[in-house]
Amino acid sequence: MIRTLLLSTLVAGALSCGVSTYAPDMSRMLGGEEARPNSWPWQVSLQYSSNGQWYHTCGGSLIANSWVLTAAHCISSSGIYRVMLGQHNLYVAESGSLAVSVSKIVVHKDWNSDQVSKGNDIALLKLANPVSLTDKIQLACLPPAGTILPNNYPCYVTGWGRLQTNGALPDDLKQGQLLVVDYATCSSSGWWGSTVKTNMICAGGDGVICTCNGDSGGPLNCQASDGRWEVHGIGSLTSVLGCNYYYKPSIFTRVSNYNDWINSVIANN
């Protein structure tokens, strides 16, 4: 019990979490632009190995020194993975960046890749070695359990995903503002309908900014009243109609629905 409580404090409410040495450039947020280098220091690139090379596949968030939060659909049972931390341009050797192998993967037991709309698209990656925090590598905060963000709450998506449907993958980390769409709206006909569940968050839907292929698993960053950034969402779904489609906001796994699961996995592994 003591161990579980301690982990809950360290992971979900760490005193040093959610603060960046290099503050995000908020003036760049509205149009989906290149992020200020290392301004989202919990953002990681999840990469898989193929023929001796490493390739970006998804994003993720560092939530403890040995643990990364990502989406279950990013994981293949046969894959070999590593994460890149403290990186801005994925194709340039950068001072302060770090590559760490993934030693264990825990996918939520209720995730079903054949029934994606049921949700539970969440996984935890244990790193082979705990990482030291630096000005370029920091922990994300998790939101308090059960938190539901109000309609139009401004959050910010970050990642190395495609800039548009079938578009190119960027070299540099991108960022963009997404407004939360409440469940009542997002689950209505003409929006996502019954695809959306209460264990998800919708954000965007303006036809301009959204997540796209390669952003999956990455954070939906929302600022708390104390100024710290909390990861409220994990990139999960976009519309088959395209990445930037009206009334089809990006869908994220709602992290505040899984605090107990996250703490339990870390405590027992």
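Glycine is treated like the rest: Cβ placed from N, Cα and C.
The signal peptide annotation in Swiss-Prot covers 1-16.
Annotation source Swiss-Prot lists domain 'Peptidase S1' at 29-267, citing sequence analysis.
The disulfide bond annotation in Swiss-Prot covers Cys58-Cys74 (among others) and is backed by sequence analysis. Other Cβ atoms within 10 Å of the Cβ of Cys58 (disulfide bond) number 28 in total over all chains.
The secondary structure of His73 (active site, charge relay system), as reduced to three states from DSSP, is helical. As annotated by Swiss-Prot, active site, charge relay system applies to His73 (among others), with the evidence given as similarity to another entry.
A C-beta separation below 8 Å, combined with a sequence spacing of at least six in one chain, links Asp121 (active site, charge relay system) to Ala71, Ala72, His73, His108, Trp111, Ile234, Ser236, Leu237, Thr253. The active site, charge relay system annotation in Swiss-Prot covers Asp121 (among others), and the record cites similarity to another entry as its basis.
Classification of Cys222 (disulfide bond) by DSSP places it within a strand. Annotated disulfide bond per Swiss-Prot: Cys155-Cys222 (among others), in sequence order.
If you look up Swiss-Prot, you'll see Cys186-Cys202 (among others) marked as disulfide bond, on the strength of sequence analysis. Following the DSSP three-state reduction, the secondary structure of Cys186 (disulfide bond) is helix. Within the same chain, the residues at least 6 positions away from Cys186 (disulfide bond) whose Cβ sits under 8 Å from its Cβ are Trp192, Val196, Cys202, Gly205, Pro249, listed in sequence order.
Look at Swiss-Prot and you will find Cys212-Cys243 (among others) tagged as disulfide bond, backed by sequence analysis.
A C-beta separation below 8 Å, combined with a sequence spacing of at least six in one chain, links Ser216 (active site, charge relay system) to Cys58, Gly59, Ala71, His73, Cys74, Gly161, Gly235, Ser236. According to its DSSP assignment, Ser216 (active site, charge relay system) is coil. What Swiss-Prot lists as active site, charge relay system is Ser216 (among others), and the listing cites similarity to another entry.
Between Cys222 (disulfide bond) and Cys212 (disulfide bond), the C-alpha separation comes to 19 Å.
It is 18 Å from the Cα atom of Cys155 (disulfide bond) to that of Cys243 (disulfide bond).
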